[in-house]
Amino acid sequence: MESRKINLMATAIALIVVAMVVAAADDKTKDKEECTEQLVGMATCLPYVQGQAKSPTPDCCSGLKQVLNSNKKCLCVIIQDRNDPDLGLQINVSLALALPSVCHAAADVTKCPALLHLDPNSPDAQVFYQLAKGLNKTGPASAPTGSSPGPISISPTSGSDDGNNSGRTTSVPGRNHAQSFYKQWLGLEVVFHFFVIFYIFILV
């Protein structure tokens, strides 16, 4: 009997862990889908962040400021998933981190862990802190030039990292409500699984 109870509890705990992992993966996917628009809007920044241009163009800086004004999290997503094969990009992280300073746009990558809902002590969060320290030591690069290269075509994949529509991003109220509902649902799911364990422990 005791062995059966232990097995049931282990199964219930495993179900909760799986549910939480799936929920976390869904949250990251939502971040990627939400920021697909911003990646396309910052297409003119690619030559700079890939190390092919000495300075960003005015169009790049304009697109960056629109992103930071509408959703600061998206710059964090780009940096976090810089090595994602779905992006098909080779991004120089140091240049990407220096971009806000070069474009005279306010951005603080040390806030990325909070924006991405990361544990401050997790390896992913520490990456942002270490990158910020390295940026403070090296300093920003040159200011944007007046010349602008031709438009760059990007074909983001579904679930791709950071950006899908036209670069002019706006906050969509319906999306915010959906995210709020999702978080509430996740909380209720955790409570439900807690009571499942409680029931097994007390009544079985």
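Count begins at 1; order follows the chain as displayed.
Backbone N, Cα and C atoms are what each Cβ position is placed from, and that goes for glycine too.
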Determine, on the basis of Swiss-Prot, the cysteine among C60, C61 paired with C45 in a disulphide.
C60
According to Swiss-Prot, which candidate among C35, C103 shares a disulfide with C61?
C103
I'd like the number of other C-beta atoms within 10 A of the C-beta of N92 (N-linked glycosylation site), please.
14
With every protein chain in view, how many other Cβ atoms are within 10 Å of the Cβ of C76 (disulfide bond)?
23
Run through C35, C45, C60, C61, N92, C103 for me and report the recorded positions whose CA is within 10 Å of the CA of C74 (disulfide bond), in sequence order.
C35
